[in-house]
Amino acid sequence: MTELPDNTRWQLWIVALGFFMQSLDTTIVNTALPSMAKSLGESPLHMHMVVVSYVLTVAVMLPASGWLADKIGVRNIFFAAIVLFTLGSLFCALSGTLNQLVLARVLQGVGGAMMVPVGRLTVMKIVPRAQYMAAMTFVTLPGQIGPLLGPALGGVLVEYASWHWIFLINIPVGIVGAMATFMLMPNYTIETRRFDLPGFLLLAIGMAVLTLALDGSKSMGISPWTLAGLAAGGAAAILLYLLHAKKNSGALFSLRLFRTPTFSLGLLGSFAGRIGSGMLPFMTPVFLQIGLGFSPFHAGLMMIPMVLGSMGMKRIVVQIVNRFGYRRVLVATTLGLALVSLLFMSVALLGWYYLLPLVLLLQGMVNSARFSSMNTLTLKDLPDTLASSGNSLLSMIMQLSMSIGVTIAGMLLGMFGQQHIGIDSSATHHVFMYTWLCMAVIIALPAIIFARVPNDTQQNMVISRRKRSL
């Protein structure tokens, strides 16, 4: 890093700033949801749409981000990403209704979807290959600090200012980032193949409509017949994409990816697994505030052990997988996460609050080990010609499954609760208890998929893949 020119180091700082903004936003909002609900005159049971709208937009836009950067230029797209994210943040802060907030989060999600992948692409273009790993470590470090800082910062802002400030703090940072990008970032472009617009639209429509159909009756009052039509339309769009990809060699995601057994198993397991685990960061601060009566700041602080556990486990997960193999690790961590989630609810309802940080630390560790193992299993056997496409599809599936997970969590709360539930009451405890039991079952189910991972998917495979990528 010290050997790089000054202008390149400044460019890396710009990318790091984008990573920080995007990662901070993924965790800072969850702590503020109960306060948002009160301010907007909404039931807390409907506030999951604030999270779903952002994550689903990121999932939809991810496949187009790399192509746009290559075609239009990394500086232009990164600049546009920061501007859209900043404008979305401003409109979020100005929102007076839930619908306005959801629309503003969609705009914010368009910017967020392009920020991280285009940032990675920028680093590839401006840094010599020999220093690429050091540069990526530098720019992703703020992205690791964001989730750690987000819950506590969100709690402080909500408790001592208002929820609007979790969005307003993005504005000065975004203005500085956009100006620096425009003045300092080179605008690399390359010759690109034709973008698969029909395939992109089919996938986007399918994902959006299916997610809407999953929760439309609760959050939007859509009739059952309309929901059935939406579900059928979404499924038809996905099937049409499969037919399109089968006949089109330039499809957005080639079906040749699924000829690799570990990719198919890993992708299916990642989709199912992240539906369950995606519920936890959303549900935990909501339960701590509404179910237990914690203040926003206290609830935010309680999320820090989970992030610390996740960061700490990343340092040893390779050794664990190499020692026990993918199948054992994935089955054990999947079932373990379900048990830890039940332990969290039991400890909370028993009033043993002093144990909650320890349980959340354990939850973060188990979840991180499972995430890392799922990601590596999915990509490790892909041929080099398909590695980039497979990674893009995995990233899209990760975001989609998390949006579905939050949607299902909101649906479960609505199913067991009423439109307005009291804070720290016996009835509210029952609502969250039943919701957590269902969540534990959903979290455990992917173990059936991971049990099919072949026995030879074991030692040294993580290390060898990492060496190949270097």
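For all residues, glycine too, the Cβ spot is worked out from N, Cα and C.
Straight from Swiss-Prot, the features:
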type: TOPO_DOM; residues: 1-11; note: topological domain 'Periplasmic'
type: TRANSMEM; residues: 12-32; note: transmembrane segment
type: TOPO_DOM; residues: 33-48; note: topological domain 'Cytoplasmic'
type: TRANSMEM; residues: 49-69; note: transmembrane segment
type: TRANSMEM; residues: 77-97; note: transmembrane segment
type: TOPO_DOM; residues: 98-101; note: topological domain 'Cytoplasmic'
type: TRANSMEM; residues: 102-124; note: transmembrane segment
type: TOPO_DOM; residues: 125-137; note: topological domain 'Periplasmic'
type: TOPO_DOM; residues: 159-164; note: topological domain 'Cytoplasmic'
type: TRANSMEM; residues: 165-185; note: transmembrane segment
type: TOPO_DOM; residues: 186-196; note: topological domain 'Periplasmic'
type: TRANSMEM; residues: 197-217; note: transmembrane segment
type: TOPO_DOM; residues: 218-221; note: topological domain 'Cytoplasmic'
type: TRANSMEM; residues: 222-242; note: transmembrane segment
type: TOPO_DOM; residues: 243-262; note: topological domain 'Periplasmic'
type: TRANSMEM; residues: 263-283; note: transmembrane segment
type: TRANSMEM; residues: 286-306; note: transmembrane segment
type: TOPO_DOM; residues: 307-341; note: topological domain 'Periplasmic'
type: TRANSMEM; residues: 342-362; note: transmembrane segment
type: TOPO_DOM; residues: 363-395; note: topological domain 'Cytoplasmic'
type: TRANSMEM; residues: 396-416; note: transmembrane segment
type: TOPO_DOM; residues: 417-430; note: topological domain 'Periplasmic'
type: TRANSMEM; residues: 431-451; note: transmembrane segment
type: TOPO_DOM; residues: 452-470; note: topological domain 'Cytoplasmic'
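Sequence-remote contacts of a segment are chain residues at least 6 beyond its ends whose Cβ falls under 8 Å from one of its Cβ atoms, and for the transmembrane segment (77-97) they are 14-15, 18, 21-22, 25, 40, 65, 68-69, 103-115, 118-119, 122, 164-165, 167-168, 170-171, 174-175, 177-178, 181-182, 185.
As a summary of secondary structure, the topological domain 'Periplasmic' (307-341) carries 31 helix, 0 strand, 4 coil according to DSSP. For the transmembrane segment (286-306), the list of distant contacts is 27, 30-35, 44, 47, 148, 151-156, 158-160, 348, 353, 356-358, 360-361, 363-364, 367, 421, 423-424, 428-429, 432, 436: same-chain residues at least six beyond its ends, Cβ to Cβ under 8 Å. Residues 25, 29-30, 33, 36, 77-78, 98, 101-103, 105-106, 108-110, 112-114, 117-118, 121-122, 192, 195, 200, 203-204, 207-208, 211, 215, 219, 252-253, 282, 392, 395-400, 402-403, 406-407, 410 of the same chain lie 6 or more positions beyond the ends of the transmembrane segment (49-69) yet place their CB under 8 Å from a CB of it. Broken down by DSSP into helix, strand and coil, the topological domain 'Cytoplasmic' (159-164) contains 2 helix, 0 strand, 4 coil. Highlighted: of the candidate stretches 263-283, 396-416, 431-451, 396-416 has the greatest count of Cβ pairs under 8 Å to the transmembrane segment (197-217).
Within the chain, the topological domain 'Cytoplasmic' (159-164) has long-range Cβ neighbours (under 8 A, six or more residues past its boundaries) at 32, 35-36, 39, 93, 295-297. Per DSSP, the topological domain 'Periplasmic' (243-262) is made up of 12 helix, 0 strand, 8 coil.
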